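So the structure is just underneath, and the comments pick up after that.
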């Protein structure tokens with residue numbers, strides 16, 4: 001059994017706990033968050049997107065209890081003070097968003113955890129990134145690494161397949177992205193001014209690091225891939241719009257056949273899906289795959305200009321990728 005601790009019980013941390021509770025060979029044995037436990041229990045029990053968590057959930061002696069199983073609960077600001085060695089923690093899911101540099105993650109290792117996985121792009125340039133199914137993590141880097149972003153996990157499989165099967169000269173992407181906690185519900189000051197505008201009533205063009213992060217896991221794209229985001233007024237369910245200039249001529253039929261084949265491959269069968277139905281964002285909520293290519297939206301202009309659109313649940317699909325990577329690493 002793999003012992004997991006989750007640091008940070010926001011949207012990603014709570015989704016991770018719920019997923020791990022239904023995943024064989026994993027058990028969450030500890031959580032750490034500064035939010036009062038009663039508030040966390042309420043947010044675990046009820047979710048505006050995913051519905052009610054149908055498990056018995058309560059507090060007992062300041063710990064979380066799910067279906068009678070106790071999960072140690074801490075409210076410690078410094079990860080280095082957490083008792084990971086005593087608890088025999090195999091892997092920490094670092095989901096606070098506050099600790100994104102290697103030195104920050106090393107505090108979990110110093111506390112006794114064997115591995116730590118960051119649920120966000122790293123900062124500082126010295127933290128390896130891995131997207132399950134796309135690139136592999138070398139053993140020397142497996143103690144601390146990032147699983148990049150939800151958007152990177154969507155676009156990287158598509159970019160890898162296009163480069164390998166067709167050849168790509170350059171690419172640009174736009175993610176039509178659900179709003180997140182980095183935004184406000186009413187107009188408010190923000191470090192990025194546009195993200196302070198009311199999330200529920202605006203389309204908000206803004207930045208994304210997903211294209212740059214894709215080049216970290218697929219180095220051949222370095223300097224040849226860029227992009228942006230448009231935050232939209234829905235709580236979850238996003239779609240990436242990726243345009244490639246290809247090395248050779250192709251057709252919509254060829255692109256369709258390639259992605260149907262890749263979605264069934266050993267490499268991508270868990271990660272990549274395809275849809276030939278005219279689906280909308282609510283149809284992919286809680287889909288476990290990282291990227292669902294919308295075959296109805298593929299366009300090819302003059303043979304070498306290719307548009308591919310791919311859906312993703314930017315919370316649940318991303319957490320599924322984190323768990324797959326942990327499973328692979330600790331196999």
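Cβ atoms are placed via backbone N, Cα and C, with glycine included.
Because the structure is a prediction, the values reported are computed rather than measured.
Among 119, 249, 265, the residue that TrEMBL places alongside 11, 12, 33, 314 at the NAD(+) binding site is 119. Of the residues proposed, 102, 114, 231, 248, the one TrEMBL records at the same D-glyceraldehyde 3-phosphate site as 149, 150, 151, 180, 208, 209 is 231. Within 8 Å of the Cβ centroid of the D-glyceraldehyde 3-phosphate site, not counting the listed residues 149, 150, 151, 180, 208, 209, 231, the chain contributes 175, 177, 210, 229, 314.
The binding-site residues near residue 177 (site 'Activates thiol group during catalysis'), taking a 10 angstroms Cα-Cα threshold over the set 149, 209, 231, are 231. Taking a C-beta cut-off of under 8 Å and a sequence gap of six or more, residue 151 (D-glyceraldehyde 3-phosphate binding site) has these contacts in its own chain: 175, 177, 208, 210, 229, 238, 240, 312, 314. Secondary structure of the domain 'Glyceraldehyde 3-phosphate dehydrogenase NAD(P) binding' (2-150) per DSSP (helix as H, G, I; strand as E, B; remaining residues coil): 35 helix, 39 strand, 75 coil.
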